[in-house]
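Annotated in Swiss-Prot:
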TRANSIT   1-30  transit peptide
REGION    33-53  region 'Disordered'
REGION    70-91  region 'Disordered'
BINDING   C108, C144, C182  [4Fe-4S] cluster 1 binding site
DOMAIN    243-498  domain 'Radical SAM core'
DOMAIN    500-575  domain 'TRAM'
Amino acid sequence: MHPLRCVLQVQRLSAPFTSMCWVLLRTCRAQSSVSSTPCPSPEAKSSEAQKDFSSRLATGPTFQHFLRSASVPQEKPSSPEVEDPPPYLSGDELLGRQRKVYLETYGCQMNVNDTEIAWSILQKSGYLRTSNLQEADVILLVTCSIREKAEQTIWNRLHQLKVLKTKRPRSRVPLRIGILGCMAERLKGEILNREKMVDLLAGPDAYRDLPRLLAVVESGQQAANVLLSLDETYADIMPVQTSPSATSAFVSIMRGCDNMCSYCIVPFTRGRERSRPVASILDEVRKLSEQGLKEVTLLGQNVNSFRDNSEVQFNNAGSANLSRGFTTNYKPKQGGLRFSHLLDQVSRIDPEMRIRFTSPHPKDFPDEVLQLIRERHNICKQIHLPAQSGSSRVLDAMRRGYSREAYVALVHHVRETIPGVSLSSDFITGFCGETEDDHRQTVSLLREVQYNTGFLFAYSMRQKTRAYHRLKDDVPEEVKLRRLEELITVFREEASKANKTSVGCSQLVLVEGFSKRSTTDLCGRNDANLKVIFPDAEVEDITNPGLKVRAQPGDYVLVKITSASSQTLKGHILCRTTMKDSLTYCTT
């Protein structure tokens with residue numbers, strides 16, 4: 001008997017509740033001498049399949065069905081779902097068993113916030129936190145990749161920790177070292193291959209996975225999760241406030257960035273933009289208010305492009321308005337609750353809580369945002385406008401979406417709309433192809449705008465960026481450093497002039513504590529986010545005439561400014577007050 005010969009025929013079908021799928025149909029042909037039921041012909045099978053498809057299509061959901069489903073708000077679970085542990089790990093293995101974790105943070109304020117998110121997750125799994133490196137069982141470094149210098153700092157730190165790990169007494173549990181954040185995302189392969197003493201890698205979107213990763217590490221393996229997410233915002237995780245005397249807090253409202261500036265690694269290490277639901281942000285701010293905190297900073301890589309699309313009824317709204325003369329590198333986004341709505345709602349929670357936000361993009365300052373900042377007394381009159389360069393040619397190479405002229409026009413518009421506003425900015429010197437004339441234009445922008453605060457850096461090329469693939473890092477390092485020094489000098493001169501306009505004025509200051517340089521001076525920050533130093537003294541409480549008090553962290557006080565530098569104001573305290581009452585007395 002000849003063996004059976006099988007022929008596989010692939011036919012594409014459609015099921016009513018799924019997308020198109022591939023189905024394998026087995027048809028068999030046997031030798032005519034073999035006694036078997038004959039298979040239908042291909043034509044018959046095709047006709048039968050078409051009839052079956054038509055029947056299922058007629059009884060399946062219609063377009064109206066999907067419209068009705070979309071218009072009905074989905075019931076939200078009372079608590080976030082907790083995924084079952086992988087089958088090879090028991091629930092007990094995911095517990096920290098009171099092992100001590102030491103967390104070390106590098107880079108931006110988002111990393112500081114991420115550190116508290118990671119700690120909140122580990123705390124719930126039974127880990128303890130320690131500030132003593134020597135007693136730690138797990139050391140986690142929350143890292144930054146924005147510049148080469150930041151990464152080199154981490155490599156140097158790992159060499160130091162390697163000594164600590166090799167000298168670990170055998171009587172103690174093995175020391176585990178993990179790299180978290182942007183550097184884990186950018187250099188995952190190099191870290192695991194170059195530094196065998198690193199046990200764990202977790203990218204910015206993988207902190208929920210830390211208990212599992214640590215459990216895998218305990219089995220003697222390296223563990224890594226650096227997957228980027230399109231929707232992870234950690235909205236359900238309340239960061240742990242580790243300082244009991246803290247007067248302010250940062251609230252992350254969105255993650256990632258879609259701007260794709262040619263020099264920037266952020267979209268590749270933190271992924272696409274996604275925003276937290278407004279309701280979860282408001283809930284976190286309310287809790288911080290109840291804890292007595294007096295200042296909240298809304299945080300995001302591109303904070304003012306916030307767009308909450310979680311509520312269906314707001315998804316059909318039009319696209320956002322951009323600052324005049326500004327463009328985007330992406331298609332305009334439609335719908336959602338925008339930053340102006342969030343800022344409005346947050347500022348209404350507690351009239352005695354100051355509201356800030358960082359870091360914005362200049363393109364996302366429509367008039368409704370500026371008007372709101374002007375009208376609300378508890379939204380700080382301080383705006384960060386990252387320029388990056390004063391040369392339109394360089395700005396075009398950076399893919400910033402604006403010219404020098406458009407940027408300067410925005411500065412004038414902001415100052416006209418918000419009298420007395422304080423401005424800060426970011427600048428990069430030595431970008432690809434930057435000439436001496438380009439550099440002089442940046443110097444002239446610093447003099448023209450006269451920022452109160454500035455953050456200036458020499459360009460550091462990052463792999464994966466558009467500049468890495470399409471431009472040449474052709475400005476010598478010594479030239480970059482020389483230009484940076486020139487920018488810093490000019491910035492300090494102009495900032496000192498700008499800040500000296502406050503001398504003689506009375507300003508509202510939120511007390512943070514004693515000055516680091518003197519136990520007799522107090523330190524706080526004004527509306528412009530400038531540090532204000534003033535002698536500790538007994539003063540009157542304006543809300544309770546006749547009562548003499550000494551200012552404490554978290555108090556609002558009026559301070560008369562007597563001197564100013566490029567970074568600090570000095571003065572003497574007048575009284576303790578509230579935000580509302582201070583409106584009568586502040587002269588700036």
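Here the Cβ of each residue, glycine as well, is placed from N, Cα and C on the backbone.
Listed in chain order, the residues near the [4Fe-4S] cluster 1 site other than C108, C144, C182 are Y106, G107, M110, N111, T143, S145, I146, A150, G181, M183, T269, each with its Cβ within 8 Å of the site Cβ centroid.
All chains included, 22 other C-beta atoms sit within 10 angstroms of the C-beta of C144 ([4Fe-4S] cluster 1 binding site). Averaged across the domain 'Radical SAM core' (243-498), the predicted model reaches a pLDDT of 94. Mapped onto DSSP classes, the domain 'TRAM' (500-575) shows 1 helix, 43 strand, 32 coil.
Following the DSSP three-state reduction, the secondary structure of C182 ([4Fe-4S] cluster 1 binding site) is helix.
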